[in-house]
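Features as listed in TrEMBL:
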- 181: active site, proton donor (ACT_SITE)
- 222: Zn(2+) 2 binding site (BINDING)
- 419-439: compositional bias 'Basic and acidic residues' (COMPBIAS)
- 105-427: domain 'PDEase' (DOMAIN)
- 416-458: region 'Disordered' (REGION)
């Protein structure tokens, strides 16, 4: 086995089988920090920065050196973006109870962003616009606002500076170069989760702990997503696949990364240990529910409950199950948004799929069918996704919560699906027409070349 070795600060290496140059083994070796926080519930939360960045060219990725200085660029950015909150913390005690966040929020929110937050429960909420208005801080500002609006900061006696630091770390641990799985997607899912939590059946029964965990799970559900799917990690022998034994690899990584940030920020350190560990476990249960490979299991259980009419939201287990379903809906709700937003999200997720397919083709790996830009299109991918994944789940959610929001989502889903079908049919017709014109033109050229030869023979 021949390996390409780089400096000790590398994030990984590429290995080749010297006996078969066409068989490329991409082994991504994550480096860990010297200090880990050991859990009392049998797992170690993953340290930040342990997951290697996935670019198109793995050689560029793994040969990219890291700074050998004592302070990383990421920590410098965090210090610069957070220092004013540390400075303001000494004023917090003197702020009136009627407006506990006034001092902190005034420095961050523009007038337009504030106006948008007043309509944060609107299903037409444009997260792309909000992200621009907040200068790329949509996840921090949105989540902080929702914690405040629910009174969670006061109820759980959260330190506002620790909360801000925690949210900043979450936002920065999303990969901004991912077209889809980035902090804007996390913010969008969190906003959708808020909409569902406002639905009558949930608003009347969810406890403050349910609300806290629901928002936390939405904000962290794709934390440190590498921009590729689980099968890719497995077939490239990624260390995360081995760590989690090829089972819910990404979701386990998101969960453990979130727990690592919770502990590093000490956001919940004032709570009793038993309560804190229980919340970490419940957070994991919610995030693990977003594993799309387990979709049918949750859907079947949900449908059975609805058929039997035995859901009782005064039961803690049933409430947690509905939170899982709500998070699943929030995670894949893009096709249920208005066309303008839905189309943009669809193009972004497809771009990320095709990016993975390009990597697989370049390194002679089997190309995932969904990620093959040569044999697939945005329209076909979206139509299939809506038909086999989104629609079955939202039909059952509408049975559970037959509200105006559910009717709105199903209406958008139907219109968007029809829009993609019409676009596909139009493209296919144009392609067919172009091919016919090309064949006709070729036939004319062929005939024009044959005529002089025929004249000579005659």
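We number each residue from 1, going along the chain as drawn.
Each Cβ is built from the backbone N, Cα and C atoms, and glycine gets one as well.
Here the structure is a predicted model, which means the values were calculated and not measured.
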For the compositional bias 'Basic and acidic residues' (419-439), the distant same-chain contacts (Cβ-Cβ under 8 Å, at least six residues beyond its ends) come to 339, 343, 346, 377-380, 382-383, 386
On average, what pLDDT score does this prediction assign to the domain 'PDEase' (105-427)? 96
Just give the helix, strand and coil counts over the compositional bias 'Basic and acidic residues' (419-439), going by DSSP. 21 helix, 0 strand, 0 coil
List the Cα distance (Å, whole number) between the residue listed as 'Zn(2+) 2 binding site' and residue 181 (active site, proton donor). 7
For the residue listed as 'active site, proton donor', the number of other Cβ atoms found within 10 Å of its own Cβ: 24
Quick one: give me the count of other CB atoms within 10 A of the CB of residue 222 (Zn(2+) 2 binding site). 25
